[in-house]
């Protein structure tokens, strides 16, 4: 009979029994520190696998201490991600995984915006970890959206851009989204009306206006992304926007703007005086 709890995960199985201080350490970001060896030469007597475990647990505590005492400004992006991965992958050195994710996707935003299938292409990231990363991304998006619901959209334009960028900038396919507003310009609904290819998504002006009527919306903000990263509008983007504006105007529905989101910025068709 085992004397203590033993890992049952095939990915994380260890050739030794898990000690209680380590288990307590993994229950939270700021759990108790692992027990120190009782004798100066105790580390030297440890098996190689145990010595490696002790090393990265010490690294985890140092990283937690820096975050606790100095905040996120003291940590690089990969270290923030590493802190998170401590919880998702509790018995493995997560620094190489965090660095590989940042290298593959370019930034924290890129990691959290990446599709699950692409996340799982990174060595060390399985389905469970990829799903957890997408869950965290969803929480962030919903937080930003909830802030929009309490504000007048036109007077909180920076919040609109921040939300749209978080939701769409790292999508690998074009996505056409509409923010439906009431007569006070408060958000009624945020809906994705279409998903397409890497450089095109079908848009049906009649369906756009029909949905606005169903929601009793009196105004809209159109948004779509360019997976290439360049938010410069195409002639098709401009023409399609004008068709929607004309269809909506006939029913007293205002189109305030059409925003195009890229990885590193955005473009407003109204700001460019194209509509």
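Even glycines carry a Cβ here, placed using N, Cα and C.
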Annotated range (Swiss-Prot: region 'Disordered') out of 1-45, 46-90: 1-45
Motif 'JAMM motif' range according to Swiss-Prot, out of 196-209, 210-223, 224-237: 224-237
Shell of the Zn(2+) site beyond 224, 226, 237, same chain only (C-beta within 8 angstroms of their C-beta centre): 174, 225, 231, 233, 234, 260, 261
For the binding-site residues 224, 226, the one whose C-beta sees the most other C-beta atoms within 10 angstroms: 224
Secondary structure tally of the motif 'JAMM motif' (224-237) (DSSP, helix then strand then coil): 3 helix, 2 strand, 9 coil
Around the Cβ of residue 237 (Zn(2+) binding site), the count of other Cβ atoms that are within 10 Å: 20
